[in-house]
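> Okay, so TrEMBL annotates it like this:
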DOMAIN    4-66  domain 'J'
ZN_FING   134-215  zinc finger
DOMAIN    134-215  domain 'CR-type'
BINDING   Cys147, Cys150, Cys203, Cys206  Zn(2+) 1 binding site
REPEAT    147-154  repeat 'CXXCXGXG motif'
BINDING   Cys163, Cys166, Cys189, Cys192  Zn(2+) 2 binding site
REPEAT    163-170  repeat 'CXXCXGXG motif'
REPEAT    189-196  repeat 'CXXCXGXG motif'
REPEAT    203-210  repeat 'CXXCXGXG motif'
Amino acid sequence: MPKDLYNVLGVERSASQDEIKSAFRKLAHKYHPDKAGGDEQKFKEINAAYQVLGDAQKRAQYDQFGSAAFENGGQGGFGGFGAQGMNFDFGDLGDLGDLFGSMFGGGRSAGRRTHRGQDIEVDVTIDFKDMAFGVERAIDLHKLEVCKTCKGSGSKTGKTRGCGTCGGSGVERVARRTPLGMMQSTATCGACHGSGTTPEEACGTCSGTGVHKQPSHIEVTIPAGIDEGQVLRVRGKGQAAPYGGPSGDLYIRLFVKRHRTLERDGELIRSRVRIGFTQAALGDTIDVQTVDGTVELTVPSGTQSGDELRLRGKGIRFSSKPGDHIITVFVETPRKLSRKQKKLLEDLDHRI
Ligand SMILES: [Zn+2]
Ligand SMILES: [Zn+2]
């Protein structure tokens, strides 16, 4: 189980961005590995947590999807943001920023950094019935895809050569003077965008980026019982990344159309039906509308207003165990009675 990021920073879920930042600074100072009593593992954990919670947008994603939103790229934890995860936004952290820069840049994380493609978010509205049964939906987007002409290499001839700017490492090193002395930090090479190679001749279709916008048809299975506002994540179906990074993800936010007579209640579907006074007393078979069409329902004799009748398996079709459809019965008491009807009821009342 991944650790709860709020626990890692020791803040409440309701903490403000300022409180999160301040908790992070305190802990980062305390556990910095260069300090006596530092703890590198802990320090990294704190950092990873702050990368998410310190960014309002990522924090919102985390709140909604948990750490699942960030599982990608095989690092466990926060690889989902790929190279971005390493692009610390030091902002006003001052010297602490330099320490991080040296640690993550010039220090241990040698090698190339590829950029991940951007995520795409789309809204999809489904019918109540599709919500109850689950549905296959096709989503058509115009998005960045790997270039078919060069198969993503960006090279017209298919050949590449080592990047002259970074010598093929994909990173450029920059030395900076800091209060702690000279620190080396690194940045993704601007010439080859971290790939370490440049095309011999740029592909005409994608201008050497390896991606270009094209129509994309994506089939998605929407499971039964989705809730309004719930988000499905389709891995790797976001924007393709230029220069060979992993694709982003597609997030589908679902909306469910209201039904005229049916309502959802967890795995149940609920509706109401009005029956006459006599039907309630004597019992009857009536037609009721379900998500699966019209069904006959037996109203037992002696049914009271407010009684609930159950149609088994006519609720939300969760594969594990379909829910039921509950029908609340309302008995209509006659408002106008003829003289004869009144007499009959009075006689009836005396006999019961
Ligand atoms: Zn191309
Ligand atoms: Zn380069």
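Positions of Cβ are set from backbone N, Cα and C atoms, glycine also.
Bear in mind that TrEMBL entries carry predicted annotations, made automatically and left uncurated.
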> Would you mind listing the long-range same-chain contacts of the repeat 'CXXCXGXG motif' (203-210), meaning Cβ under 8 Å and 6+ residues beyond its ends?
146-150, 152-156, 240, 242-244
> Taking only same-chain residues 6+ apart in sequence, whose CB is under 8 Å from that of Cys189 (Zn(2+) 2 binding site), what do you get?
Cys163, Thr165, Cys166, Ser169, Gly170, Val171, Glu172, Gly196
> For a Cβ distance below 6 Å to any atom of ligand 1, name the binding-site residues from Cys150, Cys163, Cys166, Cys189, Cys192, Cys206 that qualify, or say none.
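So the answer is Cys150, Cys206.
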> Rounded to the nearest Å, what's the C-alpha distance separating Cys206 (Zn(2+) 1 binding site) and Cys192 (Zn(2+) 2 binding site)? Just drop the number here, would you?
15
> Where Cys147 (Zn(2+) 1 binding site) and Cys192 (Zn(2+) 2 binding site) are concerned, what is their Cα separation in Å, rounded?
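Approximately 17 Å lies between the Cα of Cys147 (Zn(2+) 1 binding site) and that of Cys192 (Zn(2+) 2 binding site).
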> Using a Cβ-Cβ cut-off of under 8 Å, list the residues of the same chain that are 6+ residues beyond the ends of the repeat 'CXXCXGXG motif' (147-154) and lie near it.
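Answer is 160, 199, 202-206, 208-212, 240, 243-244.
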> If the criterion is a C-beta within less than 6 angstroms of any ligand 2 atom, which of the binding-site residues Cys147, Cys150, Cys203 pass it? List them in sequence order.
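The ones that qualify number zero, so the answer is none.
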